[in-house]
Amino acid sequence: MFSLINCFQGVISVAAVLLFLYASQDVAENLSPQGCRMSYMNPLYITQTKFNSTWTPLAERYSLVLYREDQWERELHGGMPVLFIPGNAGSSGQVRSIASSATRQYYSKPNVPAYENWSRNMQALDFFAADFNEDLSAFHGPTLQAQTEYCARAIAYILSLYPPNTTIIIMGHSMGGIVATSLLPSKDIAAIITMSTPHTLPPARFDQRVDEIYARNRELLLQDSTPILSLCGGAMDTMIPSESCILPLSIEGLDVPYRRTVFSSALEGAWTGVGHREMVWCHQVRWRVARAAMELSIATSTTEREVILDKWLRDGHTLPPAEETDVSGSSSPSEDSVSVVPPGQRLVLTQPRRSQTHLLPVSTHSSRFILFVSQGSVPPVSPQNPKSLRISVTRCFGSTTALRCNTIQPLVHKLVPNPIPGNVFPVPQQGTDESEGVVVFEADVIMENNSEAQWVAVNIERAEGDGWLVGGFISANKIIHDVSMSNMLLGGTTVRLSDSAALQTSVSFPKLSSNALVVYRVVPLMADDSLCRDQPFLAPLLMHTSHPSETHYFPFTTKSPHRILLHTHGSAPYAYPNSGSNEGFELVIYSVINGCSMQLRGFDLLIDWTATLGRWPTRYFTTIVCWAVGIVSLIVFDAWSSGENNAIPCVPPVSRSLTEFARRRLLKLLLASYLLSLLPLPDYLFIGMKGEWLYAPIAPLLLLIASGLVCVSWMVLVVTMWPIGKISYIFSARQREEIVSARRSTVISICFIFALIFFLVPWQVAYLCCWLIHLQSCASDRFASPEPVTQVSTAIPLLSRLDESPSGSRGGSEQPSRNKHLINNSHHKAHLLLLMTWLLPLAAPVLVVWVRTLVTAGLSTPFDGDHFFLNVAPFMILVDFSSWTSKPLLQKHSVENYISASWSLWVVSAIAFFIGPRKTYYVFDVARLAIGVLVCVRIGPRYWGGNPWRISVSRMQTP
């Protein structure tokens, strides 16, 4: 029944799928580990019953709640309103973590605001949340539109409870961020904070209307002035490719609105990957989001809101806003408060106890100054709860008794983690404490051409014996490593560090690919420190900035349970272009060692194949499905085209078609897919890699997996049809009657189904029913008896004399001919079943949305869209016609002398291979058009019992 080659294909594809699943699990655990502390709260939800159908008809389907922290606050503050919008299958209850944190930060005890809050006129926040009954909005454009309309009216209702000119903060999780962006432009929205939102690439690309919403949102993101900040969880978020979370680029020449993307791995004080659902309750994230919203309550301008968002949701990629300090002019500190560091030495202070100025002389060899401060602050950057240590850095000229100092502009001024050597980072379920972290201050220092002494002054403004600081001069030159991707494929490379005690070392790899599809592994080469008892101030820390919005930190240790894996979300297949580069990346190593501790000699860099394979499934899942449709289309074309020029077409069984495809076409397609992958196609076509040679082998691999899954799907169908066919044969075994036209009851039923689709149910329901009916029909054929066909009283149209035997008598050859037609029709139907089966995943998502809506909301509101019955009409007619006709199922028409209608299946295949991976909805559209062409041309009036189209002369010629 199944050939050896098809079984081999199936085994290979199933093994590849299992390997991808294993690699995906490995990615979730090791690529960007999560260290989130659980959040706790006392939730109380107050349904806003006054927001009813008088505001919007959608109030019968959705609801609005007000969150209160039980026993901590009154019903309504009248302060700053916040609307939380949940995402796909999300709940209004997801607001509780952020809302609870805002309440407990604002109040010192129940109903008593903290002094530092009310003294600044900060308002309490009222958190409202939309409840969409866990609608599956990611799959259905009209559902997204309905949620947008509901939220727009909810904003109007909420603001009616507050004084005029009150604005509202919008928070959106996942697809809720898409709804939030769709609310623009609006003068009522102060700012938008999105969490794990796929801004640029729909996670499910089965609905064209979702793409239209995304296209409109891209225009809004480029033009609207409302501040928008996007929080992304990185590789730990396996629900969406995190490159889609990055806000799109601005267009050159246009004023750039505030658009900031912050990855949780770079979020100061968090430094952890965060899962998709965990984003709303991860403590290190939620309290910062809540604090930013509290501070926004006292902002009066767009600029102030932007500064607040940058302050409380910092990732260190931009400089903090400078504090207003005046350090210009002359300064003559007393001699006992000035300390000069000898040239070439570092400033090292532990637990300083008094205010003092330390001068480091600038020389011609000096190019860059770097300072590390632990448990203290270099304003305005500090840990969340810094100790007393406060430092400032200035550039000074003159003698130590008559200094003229000026503010020095930093290149880098941020907070970095300080993991405990030997411990897991981040700590599972704990992460990093808000008070941990080291302030890094870097600034270029160039010797000026004058005879005065020049200094970098490190001013200890306040100290009470806490923390430490280390500063010194470093080289601004980078280590350039010209290793190529060919070398990486052959085993990787080794980087040796000339100065293992350097405070900072930059290593650049300009020729290596920086793409979401490849993951590198770093293996540190440490000196033997088994006899060393010195503890480092800051153990060697690797910083990988793969994108202007994405940074990851890795402690260099040989005892870590996690591999050091470098990855990026800057460049990826099908992603909307962002500012990430697809070639080259840079590594920075910070290290403040003490004595012999943690001597880093270098590191090995190689490709981590397990993690690399784990990055592919989420980005190429729809590609495999679409390519399977393309493969099936080619198989059906070959089968239906065989024998078209013969009097009795000889359609092979599906198993033989699969074998012939593997023998005749598969190798050619594998080679063609590889060559096409080398062409510089746009990033939305084929595999979306724009001709990069490194990723060209992905295409034949995906094609091989897709072809194997097609074989597996047919095996599953055969196994499924056996019991169905057996049952059908037992309970409905009877002699087959010859029918020459659609029954009146069938026509009435089809018209009734069309009416149901037009007014009530989506066409996807009819397609599923059509597939089930065809499955039963094909199953029955497998047990059909080869008994003669009994004629019914219905008149049979005259057949062409060319179909008669040469003697003019049909009696001897009519029965064998009819049996051959029945066998070939059965094979036709089986090929159609395989095609419809692979089209089913393209229609199923909307069907699931409809069922979900029906369960949660009933028929209280109509299901918008998807009522175009012609989408399913060709399949219904073909399935019905194939179930009763005993004549050739798809006869060739005279207009096909020059081009066969079956070539439309090649169009389906081309769309599935090239456009389908990015715009999947086009595949089903083209498939229904192809089936429609075949139905119109080859069935035509035969369905109604009329005479067939005039058959082409070439078809009537016997072989």
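Residue numbering: from 1, along the chain as shown.
Quick reminder: no glycine exception, Cβ is built from N, Cα and C everywhere.
Since we're looking at a predicted model, the values are computed, not measured.
Look at TrEMBL and you will find 327-343 tagged as compositional bias 'Low complexity'. Look at TrEMBL and you will find 806-816 tagged as compositional bias 'Polar residues'. TrEMBL lists 395-680 with the feature domain 'Aminoacyl-transfer RNA synthetases class-II family profile'. The region 'Disordered' annotation in TrEMBL covers 319-343, 801-820. The signal peptide annotation in TrEMBL covers 1-28. Sequence annotations record features per position, and here TrEMBL assigns transmembrane segment to 620-640, 666-687, 693-724, 745-765, 832-855, 867-886, 898-915.
By the Cβ criterion (distance under 8 Å, sequence gap of 6 or more), the transmembrane segment (666-687) is not counted as touching the transmembrane segment (867-886), fewer than 3 such pairs being found. Here the signal peptide (1-28) has Cβ contacts under 8 Å with residues 235-236, 238, 519, 610-618, 655, 658-659, 662-663, 701, 704-709, 711-712, 715, 718 of the same chain, all six or more residues outside its ends. The transmembrane segment (693-724) and the transmembrane segment (832-855) are in contact, since at least 3 Cβ pairs between them lie under 8 Å (pairs 6 or more apart in sequence).
Count of Cβ pairs under 8 Å against the transmembrane segment (898-915): among 620-640, 745-765, 832-855, 867-886, the largest is for 620-640.
Using a cut-off of 8 Å between Cβ atoms, the transmembrane segment (867-886) and the transmembrane segment (620-640) share fewer than three residue pairs, counting only pairs 6 or more apart in sequence. The list of residues near the transmembrane segment (745-765) in space but at least 6 beyond its ends in sequence, with Cβ under 8 angstroms from a Cβ of it, reads 843-844, 846-847, 850, 862-863, 865-869, 871-873, 876-877, 880.
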